[in-house]
Structures are given as structure tokens and as C-alpha cells.
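As given in TrEMBL:
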- 8-96: domain 'CATSPERE first N-terminal' (DOMAIN)
- 101-186: domain 'CATSPERE second N-terminal' (DOMAIN)
- 228-577: domain 'CATSPERE beta-propeller' (DOMAIN)
- 587-697: domain 'CATSPERE Ig-like' (DOMAIN)
- 724-926: domain 'CATSPERD/E C-terminal' (DOMAIN)
- 1-19: signal peptide (SIGNAL)
- 904-927: transmembrane segment (TRANSMEM)
Amino acid sequence: MSAREVAVLLLWLSCCGSALWRYSTNSPNYRIFSTRSTIKLEYEGTLFTEWSVPETCFVLNKSSPTTELRCSSPGVHAIKPIVTGPDEEERYLFVESSHTCFLWYYRARHFLNNLTQLITVWAYDPESADPDELLGNAEEPSINSIVLSTQMATLGQKPVIHTILKRKVYSSNEKMRRGTWRIVVPMAKDDALKEIRGNQVTFQDCFIADFLILLTFPLLTIPEIPGYLPISSPRGSQLMASWDACVVASAVLVTDMETFHTTDSFKSWTRIRVPPDILSDDERRSVAHVILLRDGIVFLINGVLYVRSFHGFIRLGGIINLPDGGITGISSRKWCWINYLLKAKGRRSTLAVWTENEIYLGSILLKFARLVTTTELKNILSLSVTATLTIDRVEYTGHPLEIAVFLNYCTVCTVTKKIFLVIYNEDTKQWVSQDFTLDAPIDSVTMPHFTFSALPGLLLWNKHSIYYCYHNFTFTGILQTPAGHGNLSMLSNDSIIHEVFIDYYGAILVKMENNVIFYSKINTRDAVKLHLWTNYTTRAFIFLSTSGQTYFLYALDDGTIQIQDYPLRLEAQSIAFTTKDKCPYMAFHNSVAHVFYFLDKGEALTVWTQIVYPENTGLYVIVESYGPKILQESHEISFEAAFGYCTKTLTLTFYQNVDYERISDYFETQHNHTGLVLVQFRPSEYSKACPIAQKVFQIAVGCDDKKFIAIKGFSKKGCHHHDFSYVIEKSYLRHQPSKNLRVRYIWGEYGCPLRLDFTEKFQPVVQLFDDNGYVKDVEANFIVWEIHGRDDYSFNNTMAQSGCLHEAQTWKSMIELNKHLPLEEVWGPENYKHCFSYAIGKPGDLNQPYEIINSSNGNHIFWPMGHSGMYVFRVKILDPNYSFCNLTAMFAIETFGLIPSPSVYLVASFLFVLMLLFFTILVLSYFRYMRIYRRYIYEPLHKPQRKLQAIKNGRSQAR
């Protein structure tokens, strides 16, 4: 917020309830809170006298309600305002001695023509930055930031962008421009979380802090259309909100005056309006629930669903397989799992809709299908037909493929009811009843929220209390305060619970309607009351920012909204210091670099986790997993003690030990040994004072659809693509057709052909790739076949030369065994049998060609000597223990080197003509030379000149 906006907000807050005080810094999200920071103190109220601060801190104006504070020494500093009345709360601020003084600033430009983003980055000092930089509105660096960035670049600073999920790195290839670096990154839906990092370069003994950012495809807010009317919740109701689980900056807020939509954590926003001719005035003010989806904003109004999108405002009902009325609730996913393994065909749902007796699931493009009815659930769960069963709530769990259904069950439904829980898996299509039962008044309303954990964990609350269920519903109870109260309303002036906020690190915030906040951690039994941050009468909501920090959003009476960062870590530290709550361990580390791992056949995952704790406390790390029992684990523990502290390191290896060769049902066995397993590391003991309480990640066992193979040296680029066809003579085809086969060459599928002399043998080198590029050369067995049916090629190795002890599988034998299957399915890992054992197969003829290739057996393809041709091959991995994927690739080879052989008749005719010509010339030559010979027998070669002259004269006279 700008200075004017802050002043307006403080003035508005100060006149609307009891006094309180807060603090802030120039550093966004309180990322830097050190001896170098200027701490701004703000008191709201009319009883202020002066500030009470320790001697090591300096206050700019001690008697001003709004002033600045600097603490020259690090540590815990007690700060409070002195007032003419009851004492105000004292905070204990943890001021660090940090060498991190500077921050990264970025601006992003989107280029849809090539799906890239240009990120302009510079460094800035929050203590000397321009207001626009502090508010995140700057389009270019300030003079101070230009000087700082240029100086840092001179010292060797150069920022790079690291992606969190796929671990890719992007850097600038350009020279610095006016104090900025420019980095080009591709747009990515599944790798949007990124971090700007710099080199370890200091300026004035100060480093630049890494900066977590979220870069997605450009998101747009729904525009306001003139003439459209506001849509809101009932007058006097509390705020309600929804956000995209994977893009938390995209959110929607519903107040009793307006509905607001943002894509940048409410730094900017638009009002959502609807056409005047669809809803009545009462309906427009009756929003009961709201969900933000990629397809639009879904509103629940009087039992009917409506969606507001860029395409308009429409009512959802029978046209998309939803009820036209009677809908009691809607729910969406709370936790982001970018990657997951879905074995069944189809898509997982994004929205759950329910009535009292039916549940519907919706996926992208608002496609809905009915999941189950209460009548069907009675049969599935073997419940009494005469009992009353209704759907209380439907909630998505922390597992990416599971949905929890809370059911109301009673036989005489007058006073109490039982709430029990079943979980549905969208992949296996199975319903599992959980060990969870809760007795509640018949008219009670409970709200659930699942935690981010491997084992199912749940918070369930009514107006006054929080009921917790951790460790797969084995650790249960009511959240208690230090005074022993389970009723939080008793400690918040009889206010009721408005919002329960849970983050990815296990922090729990319970916000009451009067803005009193209670703080807890998952897997703990108690909660503490935090310092008052917002006035009792202010309508507020807690959101999560893209950097993982919390902020407050305030709805003002003039129909606008304001945001304010909330220092959860500092506030929790202050309360922990007051209550003398200490974290039992010093450090909790692990080597888990990703939140999602894929394990294929033969692969293993090794990770470690480490805990450092004081001696004689006996802490250790607990490993929990949830999902199908398809992985084996090996554990190794190392222990070290020094200087009064113990370090315990646990190394785990996850793997499979299954031989998929020679099993009766290959595909069924594969299916039973694939699935999704959630794993969690957590200390055996921790408290609310611990910063990180867990580490959760997924291990997917199965086929990674981003994995593929290719043949080394072949590409679809680098050659001239021209349309052509060729003819394969019928005698060269495996199935011996009656006519020659004409084939059109498909460049996009076959790629560029490799030209080989017919004398060259060829062995394909198969390479494995994934979405990050080349992985390794494939060493497993594979087979090749010509896709158009050619069999005029062979292999140089025989079965005997390859070491076979009995006749190996060949294309001929496999086709004979599987005549009902197409050529590409007759032979594969599902029916592969090796030939290196006497116990399998028959001796047979071992002089036949061995048609299986791998990288080390020296088996090559060789070509016929009598003709050239075009061959299009497909490769398939044959080893059943290599991959869950059906890995295939295509390549083309053109052979050359011989003139095509003519027919026998043409050769005979040519030879006859040649011989006839030869003998004719021979005979003519004989008579010619005989004539010459006779002539010179009777006529001397040399006659006297006189005689010759007389003869000539005589001839002349005779004439």
C-alpha cells in the first residue's frame, strides 16, 4: 500500500474498536528483520503516551503513535506502548544479525508467440528504495537500485532463475542494460514455482536474499462490464474466499457488498458483476459459497450453481448433469499436487458438488458426472436400510486422488446424530470406511479441513471448538489452550470461529470473527492466542502469498479492499518467548529435492533425513507412508555426538524387488505393483516453536508418460521433406500378398531416413529420454520389425553364437503362436522367454538368426545383396524388468549400392544378340581379310617405276 492508503487504513481501523499496535518494515513479507532494518511502529487508539523500548534500540520519536525503531544489537527486544489505562500487550521482537541486506526485484513480460517470458531482474536495498519498488509497482529500477546492481555486477554478481520442481536453471546471455539483467524462461504450467538466486557476492558486507516467485501462463481477471450489477453474500455476513491451490495469487473474495477477483494476491483486482436479467436482487445478495476454478468462478446461490467466466454468467443444471436445485455444498482441492499417477483412464476431479443424497464430481471444462447416492452408499458400507443417511460434507484430502465424504447417520433423528467418514479413491474407484465417528447435535454444522501430510490428518470445527485427527485418525482430541480451554470462544470475547488456515509447513491459524487468532501446529494438542493484529470490528481474511507468507485482506466500508503483510513467524516467536516454549531440536534437514518422484522397474530412490538435538533427549525421525504396499524400504542409521549435541541421520532406500519375467499374467502383475505412495518425515517430538515440522513428498511407481526412447543418429529434422511413395515387391513381404505394396513415406512419423550401403551392417543404439532430455543409453534387450511387413533382412548372429541353450523366440514363431494379434502385439515383454536355460523351451535348430538385440551382444541387421530398398523399423524394449512403459520408437533406413537385377528373359535376349553380333563381325572379318590376302598374293607389293608408268600410259591410250 502507498503511504496515503496506509494512513487511510489506520484511521479507519483506529475508529472501529479497541486499541492495538503493530509493526512493519520496508522489506516485503518481513524477509529482512535485522539490525539494519527500520522497524515502523504503529499504535491504534487514543490512550497512547510513549513507547517502551530497551536501551539497545533507538526510537525516532518516542511520544509519537507512529514512529520508527532501530535496534543496533541482535537478540530479543521487548517493545510495548505505554498508555493511560490497562497495559497494552508486550511483544518480543527477534532482531537478527544478518548479512542479507538486499532483495531481488523482477518484472515479467509474456510472449505468447513463442511461449516465453522475459524476466527483467535488478537488486534493490529496501532501506533506500523508491516507494514503487517497495509496493511492487516499479517498471524500472530507481537510481539507487541502478547504482547497486551495477556495482554488484562489477563484483561478479549475476542472477539465475532456478525452477523448484524440475530443477532447471536459466541465466542471462545478454549484457547488463541500465542496471538490469534480462533472462528468458519458457512458460510452464507444471514448473511455475521459481527462485531468483545470485552468486555469493557481497557489497558493504551484504548479500542479496533469494526470492521465490510464481511464473505461470499469463492470468487475466474477469473484466467489469458497464451495466452489470454486483453479486455478494447476505448483509452482515463474514468474508468468504477461494483460491487456486497451485496459483495462490489467483483468488476470489466475496463480501456483503461486492465480489473481487485477483491474479496477483490482490495487489490489483476487479469487481465481479453479473447481468441484470438473470438473478433477482435477493439472489444477487445470497451467495452461500464460492469456488475459483480455471473455468471461472462458481457461486452457490439458494441451492443452485452459477458460473461467471469470460464467456458470461450462466446457470448450471441439467444441461451438464447437475441437479437444477437442492445443492447443499461445493468443495475444491486445497493442496497443490502438480504431478500424480493416475492409472485409470480419465481425469481427476476439481470440484465436488453434493445434495443431501447425491454427490457429483466435476473436471475441467465443467464436465460433471454423478459419483454416488446415499442408497448406493448404504449397500457399499453395509448399513441398515431403515436408517437415515445424509451427506454432511465432501472434502478433498491431502492425497491428490482421494475424496472424503462425511455422512450423517441416525436411526431416531431427534437429538443427536453420528458423523462418520468414508474416503473414495478416484483411481482405484474404491470406498474405504475410516476409523472416525463423532457424536454431534442434530442441527450442528461442522467444517472440515485436511492437513498437508502423508497419513490422513483432519481438523473439524464448529462455532467454538477445533477437533483434530492426526496420524490416520489414531491421534484425536479437542485443541486446548494453555489454560485448559477447548472452547476458543471463551478466550475471544465469545466470538465464533470464522476461518481455519493451514500452510504447507504445518502451521495452523484459527481466526475468530473478531480477528482474535489462535496458533497451533499439526500433530500437537494445544493452541496459543497470538497478539492482536487487527481491530475487533474489521472484516478480515487470511491468505497465503506466492512466497509462502501470510497476509491479511481487509474489506472496507467504502466497498474497497486493502492488504497487509502478517509476520506469522515473528508473532509466533514472540508468544513462544512469553510461554517459554522451545523447539526440542536444533535442526531438521533432509535431502528430498523434489515433491514428486517417479520409480520405474529396476530403479531405487535413496534419501536421507537428519535431526540435531541436545544430548539426553532421545529424539529421532519418524517415517510414515500412505498408499498401496508396493515399495520395500531399507534403513541405515548413523549417530554422532559432540559438544553436547547429537546428530542422527537416517538413510532410506525405496525400491521394488519383483521379477516380471515368466509370470502368468504380466499386465495384471504390473497393475498391482504400481501406484502412488505419500511419504512423510517428521521429528518424534516438536512444538509450536519449531519452524519446520515435516517433509511430505510423493513416490509414483509406474510409467512416466514423459519418458520415451529414440534411436541415436536419427531425427525428424535436418533433411528435406518431400512427398514421395515407393513400391515394395510382393516377394519381399512377410505375408506374401498377391500384389506389390505401394507405401507413402510419412516424414512426420518416420523421420529422416539413414542411407546405408548394402554392405554395411547396422546395430540400432537405443537412447532413453525424459522431459529434461537425454538420460542414458538403453542396455536392455529389444526387438525390431519392419512396420510394412518386409522380411528381406536378417541378423548376423545365430542363436548358437549368442549362447542359447535352446531355440530362441523369433518373429516367425511368435506370429505362429499369436495369429489373432496384429504384428506389433505378437511379441513383447509380456511373453518374452530367454533361451539361456535348459529348463525352458526345446533344443531346436540353433543355427537360425538370433533376432534379439542389445547394446553388448554385437547383433546387427544386414541387408540383401540383390536389391536396394526403403525400410521403416519400429523398436520395442523386450526386457520385462526394464520399464512399466511400452517403450517404442521408429527409424527408417534406405539401402543402396546395386543396380536392380533384370529378368532372366531380358538377360538371355541380350546375350543372344551380343553373340550373334560377335559371330557376324567375325565372319565378315574373315571374308574381308581373305580378299585382301588373295589380292596381294597375285600382285607384288613393290613394282618398278618404269613399269608402273608404262601401265598407266597404256591405260590412258586405251581410253
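Note that Cβ sites are derived from N, Cα and C of the backbone, with glycine treated the same way.
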Tally of residues which DSSP labels helix, strand or coil - the domain 'CATSPERE Ig-like' (587-697):
7 helix, 59 strand, 45 coil
Take the transmembrane segment (904-927) and find every residue of the same chain, 6 or more past its ends, with a Cβ under 8 Å from one of its Cβ atoms.
none
Counts of helix, strand and coil residues, the domain 'CATSPERE second N-terminal' (101-186), according to DSSP:
17 helix, 35 strand, 34 coil
Taking helix as H, G and I and strand as E and B in DSSP, count the residues of the domain 'CATSPERE first N-terminal' (8-96) in helix, strand and coil.
10 helix, 41 strand, 38 coil
Quick one: average pLDDT across the domain 'CATSPERE first N-terminal' (8-96), no decimals.
87
